[in-house]
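Written below as structure tokens is the structure these notes are about.
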Amino acid sequence: MLLNGIVAAVITMIITIIGIPRFIMFFHKKKLGGQPTLEDVKQHASKAGTPTMGGFVFVVVSLVVSLVAALVFGKFSPAFITAWWVFAMYAVIGFLDDFLKVFKQINEGLTAKQKMLAQILIGIVSYFIYSHGEKSHIIHILSWQVNIGIFFSIFIIIWLVGWSNAVNLTDGIDGLASITVAISLTAYAVIAVVHQQYDVLLIILSVIGGLLGFFVFNHKPAKIFMGDVGSLALGGFLAIVSILLHAEWTLLLIGAVYVIETLSVMLQVAYFKKTGGKRIFRMTPIHHHFELGGFSGKAAGWSEWKIDIVFWLFTAVLSVIALCIYFAF
């Protein structure tokens, strides 16, 4: 029931709010380095030394609370296990990456190849876990159902890898990723309620609760960042939730911000190579472009709060549009 999910969300939020300050104190006590700052964005100079890996707290709390709730309320289903597994395993990849950067002082963290290989392996295992409870190999596009057969395994891998990295790119300024993802997940919570998929709803609401608790300390000026442990987990979670709810196409609208952020990086890199050093944007992902003045030519750009609010509203509006189209068909 919806009430069970709300209870799980509130508990997750409260524990996260209690846990984050202790996590911050641990970072300061151990004198650990924070998330690297961007030299080209002067506004970020004050962020130097800010603790990172805050996603570890809300991910672990969300996982534990949702698992206990699923067992207590009888929602420990194959769909729940699939969502739980993806969220946990993508968090593990992010944790290893952050751990190498923060604790071992290896600036690169995991190499791109290591990270990609790990994501693909988790995608493969996720497919088999999903297939254990769901025999259908159908993807849903509006009112059409397309059976892609064996290629469904490839679709899951690409979907998980793509969205996990897209959300990772979006996590670049205070509060942006946490609330944007919370809004996206709220849209999927609506779909879960309407279709009475309360097993998936339970973990969705738990994660939303964790994000709201984290935002208390992540809004500008952020006292902590989520790190890859949070952003990779959230991206993978969004992707698998859209599949479990048979609403894959909706993520293209609900997650439009993540798509735009990713495309801005791809376009920038391609154009830079093609023109021998010229740029389309001042900096990518595109939220940094707006920080630096956008296309206006001005030296001063949008404040982080303005970028946050515009991106949040954009996500909220497109989420409503996606839901309207989804339920219309």
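Including glycine, each Cβ sits where the backbone N, Cα and C put it.
Taken verbatim from Swiss-Prot:
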TRANSMEM  1-21  transmembrane segment
TRANSMEM  53-73  transmembrane segment
TRANSMEM  76-96  transmembrane segment
TRANSMEM  109-129  transmembrane segment
TRANSMEM  141-161  transmembrane segment
TRANSMEM  175-195  transmembrane segment
TRANSMEM  198-218  transmembrane segment
TRANSMEM  237-257  transmembrane segment
TRANSMEM  309-329  transmembrane segment
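A contact links the transmembrane segment (53-73) to the transmembrane segment (1-21), because at least 3 Cβ pairs that are 6 or more residues apart lie under 8 A.
A contact between the transmembrane segment (175-195) and the transmembrane segment (76-96) is absent, since fewer than 3 of their C-beta pairs, 6 or more residues apart, lie under 8 Å. Counting Cβ pairs closer than 8 Å and at least 6 residues apart in sequence, the transmembrane segment (1-21) and the transmembrane segment (141-161) reach fewer than three and form no contact. Counting same-chain residues at least six beyond the ends of the transmembrane segment (237-257), those with a Cβ under 8 angstroms from any Cβ of the stretch are 79, 82-83, 86-87, 90, 126, 130, 134, 138-142, 156, 159-160, 162-164, 166-167, 170, 180-181, 184-185, 187-188, 191-192, 195, 197, 200, 204, 207, 311, 314-315, 318-319, 321-323, 325-326. Beyond the ends of the transmembrane segment (76-96), by six or more residues, the same chain brings 53, 55-56, 59, 62-63, 66-67, 70, 109-110, 115, 118-119, 122, 125-126, 129-130, 132-134, 160, 164, 168, 197, 199-200, 202-204, 207, 227-233, 235-237, 239-241, 244 to within a C-beta distance below 8 angstroms of the stretch.
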